[in-house]
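Trainee: Pasting a structure below so you can have a look.
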Amino acid sequence: MLVLRWGASLKVLRKGADEACLREKAKLIMRPDDANVAGNVHGGTILKMIEEAGAIISTRHCNSQNGERCVAALARVERTDFLSPMCIGEVAHVSAEITYTSKHSVEVQVNVMSENILTGTKKLTNKATLWYVPLSLKNVDKVLEVPPVVYSRHEQEEEGRKRYEAQKLERMETKWRNGDIVQPVLNPEPNTVSYSQSSLIHLVGPSDCTLHGFVHGGVTMKLMDEVAGIVAARHCKTNIVTASVDAINFHDKIRKGCVITISGRMTFTSNKSMEIEVLVDADPVVDNSQKRYRAASAFFTYVSLSQEGKSLPVPQLVPETEDEKKRFEEGKGRYLQMKAKRQGRTEPQP
């Protein structure tokens, strides 16, 4: 079976019948409107590709047995590192595989390779883990059960269960975190949080949504990356690229007709990286019965690049208020923790 969507140039190939629901592959050529002025593909564009692949494979799997029809909705994206930049003219190879299912959720692993079609060179650019839940087509507030998968080894199921429990706990812990709102400040000083903070207001239309009236997770992530990129560019005034995205938690669905506000603010800077907190709030303006709510949140990390693509020093953030200083220290802790993990240590070192 071949599915071709020219709007996004997404080409999905089904594998053999025995694994058709468990693996997907897609190809997408990178165009000028996918990239920044330096030719580097936006991180949000790649995140949207990843989510589309995850949504296709998880929706297909959840409808692989007789029963109530459903659509898979994105609940969480684990930390995602951008291992290598992708450029205009390269082909993105996206592969997705279902690696675990619980009673009401699906874990999907997605890999992205970039291919230079002139030289044939291929590079791994992204590895991502996404979690989806199946929502009934008759009632999108109803979560259905997921068909189980057969594991080749018992250890695979046990490892998947541990990942499931860990992400479930963290998602619940972050549901009510960051309840504050990013407020504008008049005449802020350079290198302060207020100087670079940015917001984008977007009216959710039909093109942003599934056929069932709520926003695609990939659309939300792309908007989040755009705002984070503006914050990073304002802070350092150079070419910037997405280096990584911490876990993205989708706390609630965003429906068609909502006005969403995506706000970004700098939380921490190291010598060569910037951490930016991005908050997504939804305002159901056509529904007076529901108040504004926090729909998603995440931390994005950006780096500054020279015209030759080499890493540049980042202007150091100047936190002013007690809340900003607290967020700076929290960001520093996350930075040291990830640095220690990359260096093979279990404890962060100053």
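One-based numbering along the chain as shown.
The backbone N, Cα and C atoms fix where each Cβ goes, glycine too.
So TrEMBL lists the following for this protein:
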{"type": "DOMAIN", "residues": "20-138", "note": "domain 'HotDog ACOT-type'"}
{"type": "ACT_SITE", "residues": "N36", "note": "active site"}
{"type": "DOMAIN", "residues": "194-308", "note": "domain 'HotDog ACOT-type'"}
{"type": "ACT_SITE", "residues": "D225", "note": "active site"}
{"type": "REGION", "residues": "314-350", "note": "region 'Disordered'"}
{"type": "COMPBIAS", "residues": "323-333", "note": "compositional bias 'Basic and acidic residues'"}
Trainee: Over the span of the domain 'HotDog ACOT-type' (194-308), how high is the average pLDDT in this prediction?
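Mentor: Residues in the domain 'HotDog ACOT-type' (194-308) carry a mean pLDDT of 93 in this prediction.
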Trainee: Under the DSSP assignment, what numbers of helix, strand and coil residues are found in the region 'Disordered' (314-350)?
Mentor: 21 helix, 1 strand, 15 coil
Trainee: Whose Cβ, among the active-site residues N36, D225, has more other Cβ atoms within 10 Å than any of the rest?
Mentor: D225
Trainee: In angstrom units, rounded to an integer, how far apart are the Cα atoms of N36 (active site) and D225 (active site)?
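Mentor: If we compare the Cα positions of N36 (active site) and D225 (active site), the gap is 12 Å.
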Trainee: What is the three-state DSSP composition of the domain 'HotDog ACOT-type' (194-308), stated as helix, strand and coil residue counts?
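Mentor: When I sort the residues of the domain 'HotDog ACOT-type' (194-308) into the three classes, I find 26 helix, 54 strand, 35 coil.
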Trainee: How many helix, strand and coil residues does the domain 'HotDog ACOT-type' (20-138) contain under DSSP?
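Mentor: Once the DSSP states are binned, the domain 'HotDog ACOT-type' (20-138) shows 23 helix, 58 strand, 38 coil.
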